[in-house]
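Notes follow once the structure below has been shown.
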Amino acid sequence: MPASVEHSDTDDSASVTSQPKKGWSLSAERKLVLKLDASLLIFSVLGLICRYIDQTNMSTAFVSGMKEDLGMYGLQYNYANTCWVVGYVIGQIPGNILLNRFSPHYVVFILEFGWSIMTLCTTWVTTYQQIYVIRFFVGLFESAYYPGLHFLIGSWYSKEELGKRASLFQAACAIGTLLSQVLQGGVHTTLNGVAGRPGWRWIFIIDAVISFPVAIGAFLMLPDLPEKIRPNWIFNQDDIDLARARLAAEGRKGTSKDGFSRKAFTEIFSTWHIWVFTICYSLYIFMQKFDVTGVHRSADQLIASSFFLGWVDDTFLKQRRWPLIVATSAIHIIALYYLTGMIEVGAGLTYAWAASVISTSSEKRAIVTGTYNSVAFSFNAWLPLIFFKQTDQPAVFKGNVAVSVASGLLIVFIFLILYLSKRDERRARLAQGDESVSTTAVQYYPQATKADSFEVETGKL
């Protein structure tokens, strides 16, 4: 049976006003969120950790014998990284489109299994030209994972839950980096020469062995999009109805019948979301590239601040997103050298903000999140070579100035997003009226009254 409806035992109008009914029981909602955390969130985090381990193993292998064994004495290492970047950039938008049109657990499994196979193949290379080909496909398979899982997380969680989850997912980047350093160094030390293989080849074997089970887990555990999912061994029909009602009550829509038509693309690229969010996120990624010899972005800062600031945003700040994004941006001006690890928290909150703002089209969310990550990575693959040259270390005056300017510009664009999103909300209320969102919620979950769903949508809960 559908989740039961909570009823008040009193006719006191004041209590009803202060605690309006959602139209579904709190226990049913907690159960749904717990299922999402145990399936979607956990395996998203595990997959991103594996992605970072497989992404960073080249640098460890290069200094652990690969350079000598493959004769990579020139720019071959740089060319291999360039091949990875090319694959990573060109695959993000198509990957997000695939996630939107097909079952995400199939798409994510193919992505994870693909980069695991490519990682394993690296152990048998005999020339650096083979490295080029493999690194291209590693980047291609890894490309859609980060923006794609942000898209999937943003498609399931409510606005009041999204900040914490997006920040936790962002923290997996730092966790993967930390684990890769410890793991790959230990593998080379303990397995060097075992079975006649040098330690650097064992690095790729162990990394692939770790990734394969996570790929299988993602296939079994990740849910499809809320509007497409069918009852399965994790989510029953009551869960699905409740999930759709929660999102509809916030005015969020799923995939359309037209899909990625010419009209849809025209609409996407004619609105401010794709342009302003892309510039905003590109500035964020540029500031993350900051690094001075002896003063590195601290992974423990990112992990700790991700948990704390995500919780602060969803609770005390009522999912406003922008105050913490501004605060973490200002860090690069106020405390450039010592707190820069916190800047990446804002990147996760930016994804959460985009998921909340772009609520009328699943296709638009997919394209926008894929585009701004792809464009940001394209520019920031070469900009640090201009502003943070190794020969300028440790002063990097040009880099300090560039990051300070980028921080100021980012704050300007954050307030621009705030203004434009509030303007769109006012226009939507005037054009559609109060009944439209409520009617949509009742369509998915009959137990929710129109008044209840309107209370949720307007943020009074």
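Each Cβ is built from the backbone N, Cα and C atoms, and glycine gets one as well.
Taken from TrEMBL, the feature compositional bias 'Basic and acidic residues' covers 1-10.
Restricting the average to the domain 'Major facilitator superfamily (MFS) profile' (40-461) gives a pLDDT of 79. TrEMBL lists 40-461 with the feature domain 'Major facilitator superfamily (MFS) profile'.
Taken from TrEMBL, the feature region 'Disordered' applies to 1-20.
If you look up TrEMBL, you'll see 79-99 (among others) marked as transmembrane segment.
What TrEMBL lists as transmembrane segment is 106-126 (among others).
According to TrEMBL, the transmembrane segment annotation covers 132-156 (among others).
The transmembrane segment annotation in TrEMBL covers 168-187 (among others).
Residues or ranges marked as transmembrane segment by TrEMBL: 199-222 (among others).
Among the features that TrEMBL reports, transmembrane segment is placed at 264-287 (among others).
Summarising the annotation, TrEMBL assigns transmembrane segment to 330-354 (among others).
Residues annotated as transmembrane segment in TrEMBL: 366-388 (among others).
Per TrEMBL, transmembrane segment is recorded for 400-420 (among others).
Counting Cβ pairs closer than 8 Å to the transmembrane segment (106-126), the top stretch among 132-156, 168-187, 199-222, 264-287, 400-420 is 199-222.
Of the recorded ranges 132-156, 199-222, 264-287, 400-420, the transmembrane segment (168-187) has the largest number of C-beta contacts under 8 angstroms with 199-222.
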